[in-house]
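Following: one structure in structure tokens, then a few remarks.
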């Protein structure tokens, strides 16, 4: 059996950088406002994986009202969520992540993001796709107010 999940996340810019996206620190003059480390890519991916096996979302598993997750490393959250996906008898078939940001440029960091995600999900890097786009200067991402991300995860019965 295969199942598909979709995830979305957004964080506004605020404070000082760097930012963490896809598990990779990216130099930037602005930071991202968040309860955890603000990694929109891993948050969207975590939601996609949890959704694929009907385990809710990242906020249910790691509530932002719980101080133990203040400043949390999103790679650790992703790994914990994936452990729960595996406990339901599923493993990653493939994942696809789309980062939406006017700046900073993501292309130089994509390979490192793919490697980090593949490591966290204990899968082959060929099962992980990460891409970036802009919103052509439209909306909050186009105005440089924040970053958004969508992710899709296909999981297969182990």
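The backbone N, Cα and C atoms fix where each Cβ goes, and this holds for glycine too.
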Which of 35, 43 belongs with 9, 11 in the divalent metal cation site listed by Swiss-Prot: 43
Residue 58 (4-CDP-2-C-methyl-D-erythritol 2-phosphate binding site) CB neighbourhood, other CB atoms within 10 A: 26
Rounded Cα separation (Å) that holds between residue 11 (divalent metal cation binding site) and residue 35 (4-CDP-2-C-methyl-D-erythritol 2-phosphate binding site): 10
Inter-residue C-alpha distance, residue 58 (4-CDP-2-C-methyl-D-erythritol 2-phosphate binding site) and residue 134 (site 'Transition state stabilizer') (nearest angstrom): 25
Those residues of the chain, 6+ apart, with a Cβ under 8 Å from that of residue 143 (4-CDP-2-C-methyl-D-erythritol 2-phosphate binding site): 102, 137
Residue 66 (4-CDP-2-C-methyl-D-erythritol 2-phosphate binding site): secondary structure state under DSSP, collapsed to three categories: coil
Cβ-centroid neighbourhood (8 Å) of the divalent metal cation site, 9, 11, 43 excluded: 10, 32, 34, 38, 39, 40, 41, 42, 44, 147, 148, 149
